[in-house]
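Once you've had a glance at the structure underneath, I'll fire off some questions.
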Amino acid sequence: MHQVVSATTNPAKIQAILRAFEEIFGEGSCHIEAVAVESGVPEQPFGSEETRAGARNRVLNAKALRSDADFWVAIEAGIDDGATFSWVVIENREQRGEARSATLPLPAIILEKVRAGEALGPVMSQYTGIDEIGRKEGAIGVFTAGALTRSSVYHQAVILALSPFHNAIYR
């Protein structure tokens, strides 16, 4: 059984990680331990590079905290060019896999508040009246009318980031 450390305690992210690992490695193939670690970037990262740096830093910090795991996984959400997205970083002892998620354009009224310094999650909670929406369906669930959720979009990115770990051609 794979010991997987999730560098987040966010339920939407943990669900995405668990589903992806089970799809790739089989049901019941992993145990996930969630840890709270720092990203080393602002609460609301801007730009692809800052967001990816946050995910990489979370993996590094999770490895320092739980060095005996088989995999360390981080999902860092950010804002880039008027849209929200995330970077997924997965490492084991030999290699790293990274993938950027799908991108959701944000309405101007939401972007205005985020650019003024508020994090997207609290802004969306104010807009929708849903407490801690970032730990649930997220802006993605709201603006896709539930066709996608934050977790489902992260799930795809985790699957992509796992590609180097089960395809020999990457080694």
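Using the three backbone atoms N, Cα and C, a Cβ is placed for every residue, glycine included.
According to Swiss-Prot, the record shows the following:
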- Thr8, Thr9, Asn10, Pro11, Ala12, Lys13, Asp68, Ala69: substrate binding site (BINDING)
- Glu38, Asp68: Mg(2+) binding site (BINDING)
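So where do these features actually land, and what's packed around them?
The Cβ neighbour count for Thr8 (substrate binding site), using a 10 Å radius and every protein chain shown, is 24. According to DSSP, Thr8 (substrate binding site) is assigned to coil rather than to any helix or strand.
All protein chains shown were included, and the count of other CB atoms within 10 Å of the CB of Glu38 (Mg(2+) binding site) stands at 11. Under DSSP, Glu38 (Mg(2+) binding site) is assigned to coil, being neither helix nor strand in the three-state scheme.
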Within 10 angstroms of the C-beta of Lys13 (substrate binding site), what count of other C-beta atoms is obtained when all protein chains are considered?
27
Select the most exposed residue of Ala12, Ala69, where exposure means the fewest other Cβ atoms within 10 Å, treating these as the binding-site residues.
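Each of the binding-site residues Ala12, Ala69 was scored by Cβ atoms within 10 Å; lowest is Ala69.
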Going by DSSP, is Asp68 (substrate binding site) part of a helix, a strand, or coil?
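DSSP call for Asp68 (substrate binding site): coil, neither helix nor strand.
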